[in-house]
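J.: Grabbed the feature section from TrEMBL, which reads as follows:
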type: COMPBIAS; residues: 1-15; note: compositional bias 'Acidic residues'
type: REGION; residues: 1-38; note: region 'Disordered'
type: COMPBIAS; residues: 20-31; note: compositional bias 'Polar residues'
type: TRANSMEM; residues: 100-122; note: transmembrane segment
type: TRANSMEM; residues: 175-194; note: transmembrane segment
type: TRANSMEM; residues: 206-224; note: transmembrane segment
type: TRANSMEM; residues: 251-270; note: transmembrane segment
type: TRANSMEM; residues: 291-318; note: transmembrane segment
type: TRANSMEM; residues: 356-377; note: transmembrane segment
type: TRANSMEM; residues: 408-425; note: transmembrane segment
type: TRANSMEM; residues: 445-462; note: transmembrane segment
type: TRANSMEM; residues: 469-494; note: transmembrane segment
type: TRANSMEM; residues: 500-533; note: transmembrane segment
């Protein structure tokens with residue numbers, strides 16, 4: 001078969017002529033059949049696939065872009081969850097506009113990683129969890145599933161508690177934290193079944209929630225009137241004048257908040273909702289193009305919303321002291337002035353205190369509109385987090401349960417610890433827990449980033465759409481950099497604990513953690529073509545080992561294509 005070049009010159013040609021590759025053109029792999037699945041209809045998010053209109057001889061079609069629009073916006077909600085909003089407001093309060101460029105770079109890196117996730121789903125017809133299930137041995141696969149599950153639980157706790165805080169602010173404290181958690185759990189179950197009325201209606205509902213966030217935080221932005229010159233300087237000048245350890249930790253926290261492990265699994269699954277003939281290379285190539293355009297637009301909108309939040313707190317509360325805020329809250333008759341001690345310490349805010357200080361400085365309307373924005377952020381991200389949990393559990397464990405049973409199980413796993421925290425923790429003292437959850441999610445990043453680079457680099461899985469040399473090198477560097485930044489964040493957190501026992505425990509856990517990351521990295525390097533590490537390959541093809549099929553255990557045997 002003749003080698004085919006991709007239009008962006010970043011994808012690899014077909015393998016050399018002297019090799020035979022076992023493949024099913026442009027579908028590559030499929031999940032093993034389940035006896036239960038054969039007997040009973042299996043209800044999934046993908047029952048109602050969106051048809052793609054036919055537009056012959058058009059380089060670009062707005063009709064097709066509209067048909068592909070949806071998955072990218074659902075994915076972008078993870079960039080707008082309460083954890084991200086809290087990171088934004090803390091960035092503004094601690095560093096002013098100086099770290100906006102970090103937010104911009106982190107969003108661009110996130111876009112490139114989401115591109116890999118979407119391509120895996122489009123080309124293979126399987127999402128990342130399903131591919132991991134087929135490619136990794138049993139023990140590593142179970143460990144990987146548990147690590148990703150931990151990341152989802154951590155993210156879910158922030159999202160649900162974000163909703164609960166918003167309800168507490170909107171009710172002027174009448175709805176306690178645990179009550180807000182129960183309300184969020186209930187309405188999440190209701191909203192999740194919206195896709196029974198059509199996939200496009202569900203996607204429209206998410207679009208409404210994103211619009212509410214844009215209007216709410218945009219209102220705060222217009223109200224505060226940030227300095228546009230300082231904003232642009234902070235966004236495009238990669239420098240942080242006069243910054244110290246506090247600002248450095250905040251910069252690391254921005255990267256950790258923006259790039260979330262479960263979102264890679266989610267996006268690779270969501271793209272399966274479009275009707276694409278994966279045997280047709282032109283359709284696959286076209287789908288990759290439109291999904292990338294849609295993801296770019298979606299993340300641009302999420303970036304603007306994040307900028308609104310950073311700018312509001314940078315303009316109004318950068319270098320403000322607790323005493324200044326306390327005095328203003330007393331002057332406006334706020335019942336929350338006791339949140340800010342009478343000292344000259346720099347103001348520290350979270351999403352709860354952020355709403356309070358906005359109310360003190362700009363009136364009750366600013367507080368309530370802020371709370372509405374947080375509620376939309378928490379509700380939307382809770383729903384996408386639930387989808388992530390379903391896809392991950394179904395993919396890794398090959399579950400074929402009823403829809404209600406799957407939703408109930410994935411919700412229970414994530415919600416139980418959240419409810420316990422809400423019952424025993426006060427709404428005003430959640431910052432320490434949020435720091436811990438951010439560290440937890442940072443530690444799970446390699447368990448999404450390494451597999452996605454591994455599988456999208458394998459020609460035996462991706463065929464002509466495998467990563468080319470440029471993407472392999474740049475992807476490896478980006479993932480190494482992101483993981484290193486997040487490990488720094490973890491080390492800073494652990495060293496601040498000041499407990500010998502915790503240091504010893506952290507050291508022991510670190511050894512096990514690094515061993516598993518090393519195992520995944522070894523497989524990834526083999527997939528990237530580092531043949532000297534391929535000492536365990538079971539398959540020999542011709543005079544040299546064919547590293548692209550090193551990880552492959554089961555491939556469809558429909559065809560053997562000679563190249």
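Glycine residues also receive a Cβ, built from the backbone N, Cα and C atoms like all the rest.
Describe each of these features in terms of where it is and what it packs against.
T.: Among residues of the same chain six or more beyond the transmembrane segment (206-224), those with a C-beta under 8 A of the stretch's C-beta atoms are 73-74, 76-77, 80, 301-302, 304-305, 308-309, 311-312, 315-316, 358, 362, 366, 369-370, 372-373, 376-377, 379-380, 383-384.
Taking Cβ pairs closer than 8 Å, the transmembrane segment (251-270) reaches residues 45, 70-72, 74-75, 78-79, 83-84, 86-88, 90-91, 95, 99, 102-103, 106-107, 109-110, 113-114, 116-118, 120-121, 127-129, 148, 151-152, 155, 240, 295, 384-385, 387-389, 391-392, 395, 438, 441-442, 444-445, 447-449, 452, 482, 485-486, 488-489, 492 in its own chain, all 6 or more past its ends.
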J.: Would the transmembrane segment (175-194) and the transmembrane segment (408-425) count as touching if the test is at least 3 Cβ pairs under 8 Å, pairs 6 or more apart?
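T.: Result for the transmembrane segment (175-194) with the transmembrane segment (408-425) is yes.
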J.: For the transmembrane segment (100-122) and the transmembrane segment (356-377), decide whether they are in contact, meaning at least 3 CB pairs lie under 8 A, counting pairs 6 or more apart in sequence.
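T.: Taking Cβ pairs at least 6 residues apart, the transmembrane segment (356-377) and the transmembrane segment (100-122) are not in contact, as fewer than 3 fall under 8 Å.
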J.: How about long-range neighbours of the transmembrane segment (291-318): same chain, 6 or more residues beyond its ends, C-beta under 8 Å?
T.: 65, 68-73, 75-77, 79-80, 84-85, 88-97, 99-100, 103-104, 107, 110-111, 114-115, 118-119, 122, 210, 213-214, 217-218, 220-221, 224-227, 230-231, 234-235, 267, 271, 325, 347, 349, 354, 357-358, 361-362
